[in-house]
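Novice: Sending over a structure as structure tokens; questions will come in a sec.
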Amino acid sequence: VWFHRVVQPVFCVVGMVGNLMTVVVMTRPGMRSSTNTYLTALALSDIFSLLFTWALTFEHYPDNKGQEYLWYWRYWGCMYWLHDAFMGISVWLTAAFTFERYIAVCHPLRGRVFCTESRARRFIVTIYILCLLLTSTTPFEWSVEEKDGVVCKKMTPLGLDPMYRTVFYWSWATLFVFVPLIVISIFNTFLIEAVHRSKRQRSGLTQQVEPRDCANSSRQRQENKITTTLIAVVILFIICQTPAAVMLVVYLFYNPDKNSPSGAIMLGLGNIFNFLTTVNASSNFLLYCVMSDKYRRTLLLTFCPCLATRHQRSHTFTSYYASHHNSSVRFNSPNTLNT
């Protein structure tokens, strides 16, 4: 019980703050790109997912069935719907930017046409609308009753209908679990191979290179950093989302009584795996901070300008010293563009 009352709310609050900072950083003028448009939309969906996860934890608190909490239980079904919808949105946004990055890296000529901010915004709006519509029956699965001053929720005839449950859960498993995970896994594998191939090509270059080759190498490093960051986001997503997806499939075939030992084990595993999805929604901010120099600089410049100025001075001094110290081999070690 303490897990739902303390641990999960803490992760939700921290994750919402981190994602809100990501939205601010990614919408700065110098950060705008089609990829960052997807990451901004992902941060927004994670904020709402965490918000409704936090709201749903209230049902685990004691003495919450009194008449004064009737308003909460009346909106419980809608909160459950929006939680599931934004979880689905995050899944498909991850699939979308993985595919977009695959196009940009592996088919750069097509990427110039396909990977644009306007096209990304259209895809994002479509994903939001479809996910909200496809899960919109969830509030109608539940009703609220009040008897002797005690409020309780129960499933409606729609929620109990075997045909509806079969169609809904198999549709959910297919559209929000199997298909996106397969898409994400396939294109993420292509991205990993592309990064490795690029590194092998760079390592095979001679020490003496032309200035133009130096600039091209720097741009390639920048692209690889962006791709590596997105690969890390996707790997974290797969690690955190796959257990919950497996549990959903298990529930489709095996749903023991909650009061049985097997039911208790399934409930415990379900709570742990659902918490992993909360961790996933809360952690992208940390990945950006660790793996993206440009994100860190923009974050400091936006929220801690004094620290950003100090960091910039240190970076400038280091670059000045390095350029003079290595002036005899000016083109042997091309400068890396920060990402």
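Heads up, the Cβ atoms here are built off N, Cα and C, so glycines get one too.
Because TrEMBL annotations are produced automatically, they should be read as predictions rather than curated entries.
Taken from TrEMBL, the feature domain 'G-protein coupled receptors family 1 profile' covers 18-288. TrEMBL lists 6-26, 38-58, 78-99, 120-140, 167-192, 229-253, 265-290 with the feature transmembrane segment.
Quick one: where do these features end up spatially?
Specialist: Counting residues 6+ beyond its ends, the transmembrane segment (6-26) has Cβ neighbours under 8 Å at 36-37, 39-40, 43-44, 46-47, 50-51, 53-54, 57, 275, 278-279, 281-286, 288, 295, 298-299, 302-303 in the same chain.
Listed by sequence, the residues of this chain that lie at least six past the ends of the transmembrane segment (78-99) yet keep a Cβ under 8 A from its Cβ atoms are 35, 38-39, 41-42, 45-46, 48-49, 52-53, 55-56, 123-124, 127-128, 131-132, 134-136, 138-139, 142, 172, 175-177, 180, 183-184, 187-188, 191, 230, 233-234, 237, 241, 277, 281.
A Cβ distance under 8 Å defines the sequence-distant neighbours of the transmembrane segment (167-192), meaning residues of its chain 6+ beyond its ends; these are 84, 87-88, 91-92, 94-95, 98-99, 101-102, 105-106, 131, 134-135, 137, 227, 230-231, 234-235, 237-238, 241-242, 245, 248-249, 251-252.
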Novice: Do the transmembrane segment (265-290) and the transmembrane segment (120-140) share at least 3 Cβ pairs closer than 8 Å, excluding pairs fewer than 6 residues apart in sequence?
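Specialist: No; fewer than 3 Cβ pairs under 8 Å.
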